[in-house]
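K.L.:
Please see the structure below; I have some questions.
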Amino acid sequence: MAAAVLLAVGLRAARRTLAAAGARGAQVRGNAGVSDGSEVAKAQKAAPGGASPTIFSRILDRSLPADILYEDQQCLVFRDVAPQAPVHFLVIPRKPIPRISQAEEDDQQLLGHLLLVAKKIAQAQGLKDGYRLVVNDGKMGAQSVYHLHIHVLGGRQLQWPPG
């Protein structure tokens with residue numbers, strides 16, 4: 001019980017930190033961990049150039065906290081702060097690729113690695129009956145953080161078409 005309370009307090013503190021980062025202009029998904037349904041609006045306002053640090057680059061350099069599930073030399077995996085399914089985590093490359101449409105031929109090995117890591121962590125999270133991988137690209141694709149990332153969602157029956 002005490003451990004659960006400490007975990008809840010820690011998560012709330014992390015979410016407040018992320019919300020404060022958003023107030024300072026960083027790219028933040030969700031509002032203190034609660035989906036507010038405005039991801040499309042955020043995508044329309046997001047800066048696509050990669051000129052300023054994204055929330056993901058700040059998680060990579062550990063200046064923002066995250067619930068990290070896995071990391072290696074090429075990528076980092078952490079839980080989404082505004083989960084859209086019982087299990088929802090992100091796989092991001094350490095290399096700052098703003099959009100999947102901006103990936104180069106030289107990124108082929110890295111992109112394959114991201115997919116294999118997504119599979120590995122999905123299995124570790126108990127998603128044996130299936131899951132969904134999502135990559136948003138650009139404003140029309142509702143990309144709200146311009147650092148390539150793969151959403152992995154599962155833990156319930158997902159619906160189709162997605163929207």
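From the backbone N, Cα and C atoms, a Cβ is placed for every residue, glycine too.
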K.L.:
Among ASP72, ASP80, ASP129, which is the one Swiss-Prot gives for the AMP site where SER63, ASN136, ALA142, GLN143, SER144, VAL145, HIS149, ILE150, HIS151 also bind?
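P.N.:
Given SER63, ASN136, ALA142, GLN143, SER144, VAL145, HIS149, ILE150, HIS151 bind AMP in Swiss-Prot, the matching entry from ASP72, ASP80, ASP129 is ASP80.
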K.L.:
What range among 42-46, 82-86, 147-151, 157-161 does Swiss-Prot describe as motif 'Histidine triad motif'?
P.N.:
147-151
K.L.:
Could you let me know which of LYS120, LYS139 shows up in Swiss-Prot as N6-acetyllysine?
P.N.:
LYS139
K.L.:
Mind telling me which of the binding-site residues SER63, ASN136, GLN143 has the densest Cβ neighbourhood, counting other Cβ atoms within 10 Å?
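P.N.:
Selected residue: GLN143.
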K.L.:
Cβ distance under 8 Å to ILE150 (AMP binding site), same chain, sequence separation 6 or more: which residues?
P.N.:
LEU90, VAL91, ILE92, LEU114, LEU115, ALA118, LEU133, VAL134, VAL135
K.L.:
According to DSSP, which of helix, strand or coil covers ILE150 (AMP binding site)?
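P.N.:
Reduced to three states, the DSSP call for ILE150 (AMP binding site) is strand.
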